[in-house]
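Below you'll find the structure, written out as structure tokens, and then a few comments.
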Amino acid sequence: MATKIAIFASGSGSNFQAIQEAIERGELDAKVEVVVTDRPNAFVVTRAENFGIPVHTFTAKTYESKEAYETEIVTLLRDKNVEWIVLAGYMRLIGDTLLSSYTNRIVNIHPSLLPSFPGKDAIGQALAHGVKVTGVTVHLVDEGMDTGPILAQAAVEVVDGNREETETRIHALEHELYTKTLKQLFEK
Ligand code: GAR
């Protein structure tokens with residue numbers, strides 16, 4: 001049976017799209033039950049609509065606490081029998097409410113070889129540091145920022161000072177590595 005997943009995203013959603021396309025090609029036995037976003041205007045919303053996938057949008061500042069909006073999300077996910085949460089460019093730290101409801105069932109992708117360059121703009125951090133090799137990490141989520149057990153990593157050569165080309169390589173690798181790692185995870 002297809003693994004029921006929720007995708008959490010705050011931005012463009014190219015990783016979401018790669019996962020959904022892999023599902024549609026029959027390469028990944030999963031079903032995206034809902035896309036959750038904290039950015040109503042993010043392009044991921046348009047992508048989800050194009051695939052006919054429901055979107056749950058929330059604006060954090062309209063809730064009295066993180067616990068309040070995470071409780072609402074957990075209720076929604078339980079209602080849809082979601083088994084795994086897949087973070088795909090979700091730029092918010094996961095709190096206790098989601099972590100305790102989906103312990104070791106939240107996976108994240110990050111554009112660096114963790115533990116190097118956690119947090120925002122990992123590609124910019126790598127370029128500023130002058131590293132020659134960076135990469136992509138897929139890991140389980142714990143209470144830290146881009147910490148948690150590493151499931152897979154792959155390296156990318158930095159194209160000298162060329163952010164655009166480095167970014168293109170990283171995103172292409174992300175799309176491949178995320179799908180492959182999710183497949184292994186869901187087949188366990
Ligand atoms: C991806 O590069 C992902 O690794 C990164 O956000 C981007 C989202 O791209 N995530 C993080 O930095 C998490 N700390 P996308 O919206 O096109 O999938």
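The backbone N, Cα and C atoms fix where each Cβ goes, and this holds for glycine too.
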Per TrEMBL, Lys66, Met91, Arg92, Leu93, Ile94 bind (6R)-10-formyltetrahydrofolate; matching candidate in Asn81, Asn104, Asn108: Asn108
Rounded mean pLDDT for the residues that make up the domain 'Formyl transferase N-terminal' (4-181): 97
Integer Cα-Cα distance in angstrom, Lys66 ((6R)-10-formyltetrahydrofolate binding site) to Asp146 (site 'Raises pKa of active site His'): 18
Of Ser14, Lys66, Leu93, Ile94, His110, recorded positions neighbouring ligand 1, Cβ under 6 A: Ser14, His110
Gly13 (N(1)-(5-phospho-beta-D-ribosyl)glycinamide binding site) versus recorded positions Met91, Arg92, Asp146 - nearest by Cα: Met91
DSSP-derived class (H/G/I helix, E/B strand, else coil) of Met91 ((6R)-10-formyltetrahydrofolate binding site): coil
Proximal but sequence-remote residues of the same chain as Met91 ((6R)-10-formyltetrahydrofolate binding site) (Cβ under 8 Å, at least 6 apart): Ser10, Gly11, Asp38, Lys120
